[in-house]
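Asker: Take this structure, written in structure tokens, and hold onto it; I'll ask about it next.
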Amino acid sequence: MDYTEVIVKIDNYLKKNISEGRYLHSIKVAEMSSLIAKLTRNDMDIAYISGLAHDIAREFKVRDLKEQISKFNIFSEEFLKMPQLYHGPVGAAFVKEEFSIINSDILEAIMFHTVGFPNMCNNAKIIYVADYISLDRTHIDKGLREAILNKSLDKMVLDVINLSKDFLISKGNSLVKETEDMYKSLMEINFEKK
Ligand SMILES: Nc1ncnc2c1ncn2[C@@H]1O[C@H](COP(=O)(O)OP(=O)(O)O)[C@@H](O)[C@H]1O
């Protein structure tokens, strides 16, 4: 895969098809993804491409998202009740079709970026964290961002799950099963073996 060519194609698509605010967010997530990949010794180009494309389907019509989610049979009932979560899997299918991207690390990262998934690959963990702590996210201050970036990748993910949980609880909502299961699997890896 020619990374530069793919980045230019996705960038051109985003500039034409999504709002300016969402485009700026996509660039910031791409930059943060690449930084996290560097810090955790993962592939920076793969992370950048995934971050850039993660929200490619965020502004698709709800009717289209609903129509396409039926292709996926891995999501929980709770997830399926929330069309605002569908843009991950639908976006992954879209980049495969539109840009012939077959790299599974990229597709998995786009697919699971909003709620995560148990045992997802490192690149997917990177995008999950980057989407929450990118520089355009005003609810994260510099100190908290730096504290998260100083941790191992799994502990970054655990921090983001905890922050999302607090946020959702404050709004009267809760984490979907995918995120809860990811939390449990990470706790087993990080703490049970001690
Ligand atoms: N793990 C989760 N469980 C349940 N709902 C979630 C979870 N993560 C995000 N949400 C909700 O899904 C919606 C979309 O989230 P997201 O795509 O991260 O928003 P944004 O447009 O800010 O990128 C938000 O309303 C958010 O509260």
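Every residue, even glycine, has its Cβ placed from backbone N, Cα and C.
Because the structure is a prediction, the values reported are computed rather than measured.
What TrEMBL records for 18-145 is domain 'HD/PDEase'.
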Asker: Averaged across the domain 'HD/PDEase' (18-145), what pLDDT does the model get? Just tell me the whole number, please.
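Answerer: Mean pLDDT, the domain 'HD/PDEase' (18-145): 97.
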Asker: Per DSSP, what is the residue count of the domain 'HD/PDEase' (18-145) in each of helix, strand and coil?
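Answerer: Here the numbers are 83 helix, 0 strand, 45 coil.
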